[in-house]
Amino acid sequence: MNSKKLLVTGLISTSFLFNIGTVAFAAPGDTIKGSENGKSGTSHGYIKLTPGDNTGGPTVPTKPTVPPGGTDNTGSLTVDNVAPLLFDTHKLEGKEQIYTSVVTDSNVQVTDNRGEEAGWNLQVSQTAFTDSTDATKILKGAKLILPVGVIETAGTNVSLSPIVSEVELNEKPTVLMHALAGSGAGTWTSVFDKDEIKLIVPAGNKNGEYLSTVTWSLLDAPK
């Protein structure tokens, strides 16, 4: 007996949802009209767009870095991918050295699904390079430089592209990529030439395995 009640309830619910769905697809005030001569008619096209929130999962990087830089962030305005800044192992040579990144397809990706073109800005900062086993040992005078990236977008995008800048990183957040009001909607990727990502190390530094934390911060307004 109980199973019959559940079945009936399910059928009623299904029918109810179907009717709601039918109403939802009708355009507000949509009226089909014919003509006096009977040879034409008018209808309406209709769609409603709402802000995206990645509830189905984070936006996948369109150009995955190697090693991966995906953040798995969710929301209507997200940083989807950030660049690992890796410079491998090198011997001290008694003079200033310029090292370049070994990361393939290094990039940073931002998605704006708010549907407002309100603008945003992406800032980047870093801590000092510190030896992994001796916190008192710092990579003195080192400069980490991110070049102007090449802007790419996924498929067709009618929004104006964001603006990118070259940045020398330090502890103060600096704007790397920004979208003015009226631009930057959708998914945008700034792709770096790995040979232009540079770590400049002056002579006189000690040997060691140095690490720095790089923070990428996305603000929901133009710079």
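Heads up, the Cβ atoms here are built off N, Cα and C, so glycines get one too.
Note that TrEMBL annotation is computational and uncurated.
Listed in TrEMBL for this protein:
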COMPBIAS  56-71  compositional bias 'Low complexity'
DOMAIN    38-222  domain 'WxL'
REGION    50-73  region 'Disordered'
SIGNAL    1-26  signal peptide
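For the compositional bias 'Low complexity' (56-71), same-chain residues at least 6 beyond its ends with a Cβ under 8 Å from one of its own Cβ atoms are 78-84, 86, 103-109, 111, 152, 154, 187, 189, 191. As a whole-number mean, the pLDDT of the domain 'WxL' (38-222) in this prediction is 93. In terms of DSSP helix, strand and coil, the region 'Disordered' (50-73) has 0 helix, 2 strand, 22 coil.
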